Amino acid sequence: MHDFLIAFIGGLMLGLSVVGYLYVNGRIAGISGLIGQVLNSKTMFKTPAIWFLLGLILTPFIYGLFVQPEIELNASPLMMIVAGLLVGFGTRLGSGCTSGHGICGISRLSKRSIIATMTFMFAGFVAVYIIRHITGAF
Amino acid sequence: MKNLFAFLFGALFSVGLMVSGMSNPKKVLDFLDLFGDWDASLAFVMMGAIAVAFIPFQKALRTAQPKTVFNEPIDLPKNNQIDKKLITGAVLFGAGWGIAGICPAPSFTLIGLGHYQVLYFIVAMLVGVWIHRKWSGA
């Protein structure tokens, strides 16, 4: 199957998941938002966020027994620490990530989310350009 | 019951990420490498997700008091402000995304697939969320 089609099918699953979470649990499935809810003692068990995250974390243990998806993670520990800090802080400051702004926000046609998505994509392009084409790392 | 559904939606999201290629940091970086050997396939993930989510989200938005299947209120974001926080947050998130090729949801799928070095990223991300909370005084 063509890469584009496989990606599209995976995307359909993500869409079904966020629609389900909206219509059953009544909330936006933005992963950075769910992390924020779980890390806050006031909301930790008040929202279903922890259950969604558990499904997200545990499923690959089983999925991996049947299919080993191709994974290449080349970032050094230091790069991962810097990236993690930026992603954690940035998604809370900007109230969302690829799922919350990208999938849910664009589906709502929220101007705020469309601008956030364009901005983080652009920042991602620039970061990769600098790392791959200026410093010459992977 | 609702928590079980939340768990299953998290599981479906997880499978969607692994099927689509979003859980592969190398593929994400190839997608963000607009000026290199660009791999466009991940754009189709977003298209697939929005293709499913668009109508249900619009329907919820256009209903005066949208309700879940359990007849509870659906909670949709109301903030429409495009401010410095949104843009700065998106820039920082995008930069982090471009450094390691990992955004919040795929970071969690990588544990179960046996790529434990992703824990550097995850711990740093949680620290980033915590720093934001202390810094913003929330």
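Using the three backbone atoms N, Cα and C, a Cβ is placed for every residue, glycine included.
As written in TrEMBL, here are the features:
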TRANSMEM  A:6-24  transmembrane segment
TRANSMEM  A:45-63  transmembrane segment
TRANSMEM  A:75-93  transmembrane segment
TRANSMEM  A:114-131  transmembrane segment
Chain residues in Cβ proximity to the transmembrane segment (A:114-131) (below 8 Å; excluding those fewer than six residues from its ends, i.e. six or more beyond):
90, 94-98, 101-102, 105-106, 137-138
Folded-back contacts onto the transmembrane segment (A:6-24), same chain, C-beta under 8 angstroms, at least six residues removed:
48, 52, 99, 103-104, 107
